[in-house]
Amino acid sequence: MSTNSGNNLPESQESPEEPHYPHDTHPGLVPGISVDAQRNKFGLDKTVFGVTAALILAFIAWGISSPDSVSSVSSTMFSWAMTNTGWLLNFVMLIGIGTMLYIAFSRYGRIKLGTDEDEPEFSRFSWIAMMFGAGIGVGIFFFGPSEPLWHYLSPPPHTVEGSTPESLHQALAQSHFHWGLSAWGLYALVGGALAYSSYRRGRVTLISSTFRSLFGEKTEGIAGRLIDMMAIIATLFGTAATLGLSAIQVGQGVQIISGASEITNNILIAIIAILTIGFIISSVSGVSKGIRYLSNLNISLTLGLVLFVFITGPTLFLLNLIPSSVLEYGSEFLSMAGKSLSWGEETIEFQAGWTAFYWAWWIAWTPFVGMFIARISRGRTLREFALITMAIPSFILILAFTIFGGTAITMNRENVDGFDGSSSKEQVLFDMFSNLPLYSITPFILIFVLAVFFVTSADSASVVMGTMSSQGNPAPNKLIVVFWGLCMMGIAVVMLLTGGESALTGLQNLTILIAIPFALVLIVMAIAFIKDLSTDPAAIRQRYAKAAISNAVVRGLEEHGDDFELSIEPAEEGRGAGATFDSTADHITDWYQRTDEEGNDVDYDFTTGKWADGWTPESTEEGEVDAKKD
């Protein structure tokens, strides 16, 4: 069918043979398919689980038995990686932002992350709150006061002099660069690709599923399993780094409250063990709702602590600093993104300690955060999803870092003890609160918040890894979930041990090494995502509409001058709206052929939602799945 100027086909012309489509539905008319409406058969992927588990257990055993050996090898590999592949980390962060901005403002922006009928499950406020909760953690406390202070005292190479008004704004811009759009652009890329793949294309929720447009059925073979194994390993190390930071920060709080002279690695390991017990209890006892409530309380306490510092700290100074730091961040963004080996050895050292670690950390967190964001974003348009996911959480974190960092820098300017650069990063937080009201209470609140972040992060990340090792099962076996949680704790311990006296060094080095290969996965994912969108039913309709109107207007002017109107009727072969588009190609139609649990084709009526063999989905409560578990 085509839109033309109104000319009928010659009576002598035979109609072309009707094309055959799955379920007699043109690819431009498919309303979308949700993974929930598919007849998937889940089970433990023994290859993904077995190989990944063996590698991780071997690494943990090596790290515990010979931490010096791990430290030596990782340091050597780290030096090589920073010299030769540091540019890759910068590049992938820009890819995330660029891809999502392109999608948001292109013709793909109107495509839904779901079927045509799907509406958002959550209000916009609740959606943003949950999204923000997924992307923040202990880092806002560990680095919030200390990072801006550090950059203020020792600015990045080739920028400004330290302890000056210029370094104040440079310090906050650098912190915003690390925690703002770059991180959330990458989360949006992975979350958007997963949500589209699962709720628009009906694929199982696996990282490998997002590559279907490029690799076809190979995503269900060795190539797909390799991608999922890399995603699990990245998540393990990224979350383990977070757990290690939590332990370090909690240890500092325990030291302050107890009056202990020093917190050793043995004490940090004991803290990890205690918090691990809390994670295991939450995983196996069915208190998931309680954990969610606790997580919501934690977010409220976090924002409350930020507001507390804003009110009791240098409020007027902070009000002036917020817009200044945001504008400085915007003006310096490309300059900061362009720093690499070409700027010299000092820049490489700065990148290794700060920027590269953050990029690696965010890359390693993308499977975890991306999968969570995907699950709560169903029914949103890609334009709304991309813009809000990148902008709102970034702005909230920018506010938090400006308030914490601006307060710490103010205390340095006022010569308050502990803010001259001599204190450790974990100590600066407690030093800041010690100079504000209610210090008899705030250390306990901070320890509680940090501990809950530990448990909830471990719990959520373990479920994600359980899903990835169970063929996309959204409710994986609890023993698998606990196993991955214990592996995270083991890696966190190894990271602390390999860091020696500076535990943070071990966390940073290993996180960067693991993230570099997964960065390549994310670049290819961006390409696959765009290719997927190019054959979306909505994109096909837009293509036909553009061709039909263009053809009809030209033909109308040629044959009727000013006096013509558009109508819909059969067009001559080769002159229709779809003349240059093969709507029957396998890569256009294969995805919406419905199958049963064994993968056999089954007819389906998209209008009525009925299967030809009479199958109907069982009525299940939230969190349950119609699946066969190993």
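Glycine residues also receive a Cβ, built from the backbone N, Cα and C atoms like all the rest.
Noted in Swiss-Prot for the protein shown:
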- 1-13: compositional bias 'Polar residues' (COMPBIAS)
- 17-26: compositional bias 'Basic and acidic residues' (COMPBIAS)
- 1-28: region 'Disordered' (REGION)
- 611-630: region 'Disordered' (REGION)
- 47-67: transmembrane segment (TRANSMEM)
- 85-105: transmembrane segment (TRANSMEM)
- 125-145: transmembrane segment (TRANSMEM)
- 177-197: transmembrane segment (TRANSMEM)
- 230-250: transmembrane segment (TRANSMEM)
- 267-287: transmembrane segment (TRANSMEM)
- 299-319: transmembrane segment (TRANSMEM)
- 354-374: transmembrane segment (TRANSMEM)
- 385-405: transmembrane segment (TRANSMEM)
- 436-456: transmembrane segment (TRANSMEM)
- 479-499: transmembrane segment (TRANSMEM)
- 510-530: transmembrane segment (TRANSMEM)
Based on DSSP, tally up the residues of the compositional bias 'Basic and acidic residues' (17-26) by helix, strand and coil.
3 helix, 0 strand, 7 coil
Counting only residues 6 or more past its boundaries, what in the same chain has a CB within less than 8 Å of a CB in the transmembrane segment (385-405)?
97, 100-101, 103-104, 109, 113, 124, 127-128, 131-132, 135-136, 140, 143-145, 147-149, 152, 171-172, 175-176, 179-181, 183-185, 187-188, 191-192, 195, 306, 309-310, 313, 318, 321-322, 325-326, 329, 373, 377, 432
Who are the chain neighbours of the transmembrane segment (177-197) in space, where the CB to CB distance is under 8 Å and they lie at least 6 residues beyond its ends?
92-100, 103, 111, 113-114, 135, 139, 143, 147, 203, 205, 207, 209-210, 212, 329, 332-333, 336-337, 354-355, 358-359, 362-363, 365-367, 369-375, 377-378, 382, 385-386, 389-391, 393-394, 397-398, 401, 522, 525-526, 528-529, 532-533
Spatial neighbours of the transmembrane segment (47-67) far in sequence, C-beta under 8 Å, 6+ residues away:
225, 228-229, 232-233, 236, 468-470, 480, 483, 487, 490-491, 493-494, 497-498
Short question: which residues 6 or more past the ends of the transmembrane segment (436-456) have a Cβ under 8 Å from it?
137-138, 141, 242-243, 246-247, 249-250, 253-254, 256-257, 275, 278-279, 282, 291, 294-295, 297-298, 301-302, 305, 308-309, 312-313, 429-430
Tally Cβ pairs under 8 Å between the transmembrane segment (125-145) and each listed stretch (85-105, 230-250, 267-287, 479-499, 510-530), then give the stretch with the top tally.
230-250
Same chain, outside the compositional bias 'Basic and acidic residues' (17-26) by at least 6, Cβ under 8 Å from its Cβ: which residues?
583-584, 589-590, 592-594, 603-606
Do at least three C-beta pairs under 8 angstroms join the transmembrane segment (354-374) to the transmembrane segment (510-530), pairs 6 or more apart in sequence?
yes
With Cβ distances under 8 Å as the criterion, find the stretch in 85-105, 299-319, 510-530 that has the most pairs with the transmembrane segment (230-250).
510-530
